[in-house]
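According to TrEMBL, the protein has these features:
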| type | residues | note |
| --- | --- | --- |
| TRANSMEM | 12-31 | transmembrane segment |
| TRANSMEM | 43-60 | transmembrane segment |
| TRANSMEM | 72-93 | transmembrane segment |
| TRANSMEM | 100-125 | transmembrane segment |
| TRANSMEM | 131-152 | transmembrane segment |
| TRANSMEM | 164-186 | transmembrane segment |
| TRANSMEM | 192-214 | transmembrane segment |
| REGION | 235-255 | region 'Disordered' |
| COMPBIAS | 237-255 | compositional bias 'Polar residues' |
Amino acid sequence: MLSKDDARTAVGIIGNIIALILFLSPAPAFYQIWKKKSVEQYSAAPYLATFVNCGLWVLYGLPKVHPHSTLVVTINGTGFVIEIVYLSLFLIYSDRKKRLRVVLIVVAECLFMAVLALLVLTLAHSTKVRSAIVGSICMVGNTMMYASPLAVMKLVMTSRSVEFMPFFLSLFSFLNGISWTAYALICFDPFIVAPNGMGAVLGLAQLVLYATFYKSTKRMMAERKVNSEVGMVEKASGNTKRTNSENQNGHFLEV
């Protein structure tokens, strides 16, 4: 029979795999951004929130802060690096105003994490106190990460389109919340249970929205494609008529 520690490790490994897929799930959206050379209506909020969230959880999982949390450090360290890549692409392909805003937020987040780490490791003299301080802040960071798609959810409800809410990001947000809630319940950790439980609920809400507006999104995208093709045909037709008219005028002048 599995011991509590073995069960926690097994669930933690599953949580690492799901979280890695969650971190990689926006990759198709960023591939489209790279192809189009524009971020269009994509929001940087989820990636900014995930960036600071991963940094905070790496701090929380350090042996000097919360011992025996290796699985917390491994996945959040990986996520931190992945978010740096995403934010770099976002900066490259966004307009000047949006780019400046993202840079300022990233700098503020980095300063906050550095100051927090310095203060906690120098002023708090026990892992219990350090865990309580960093864990409380991590709860806020994790809640921000899970709540960050709320802006996109509002866009979905007003536009009746899920084009800018990646499905796999929503799906694996839900699965990630479920897995880490289970991990924290085996050996109760309120700092992990609370935000991930809320994350599971928000992830489920995104999936419901996706199911609700999926058909209308397909219809809108098909109409847009047809309108684009019609516009191209009309433009080509106009260019042809103009060329023919110029040729006729040139012929009359020569006569």
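Even glycines carry a Cβ here, placed using N, Cα and C.
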Which one, 12-31, 43-60, 72-93, 100-125, 164-186, has the most C-beta pairs under 8 Å toward the transmembrane segment (131-152)?
43-60
What stretch of 12-31, 72-93, 100-125 shows the most Cβ pairs under 8 Å to the transmembrane segment (43-60)?
72-93
Apart from its near flanks, which chain residues at least 6 from the ends of the transmembrane segment (72-93) lie with a Cβ under 8 angstroms of it?
12, 15-16, 19-20, 23-24, 26, 30, 33-34, 36-39, 42, 44, 47-48, 50-51, 53-55, 57-58, 60-62, 66, 99, 102-103, 106
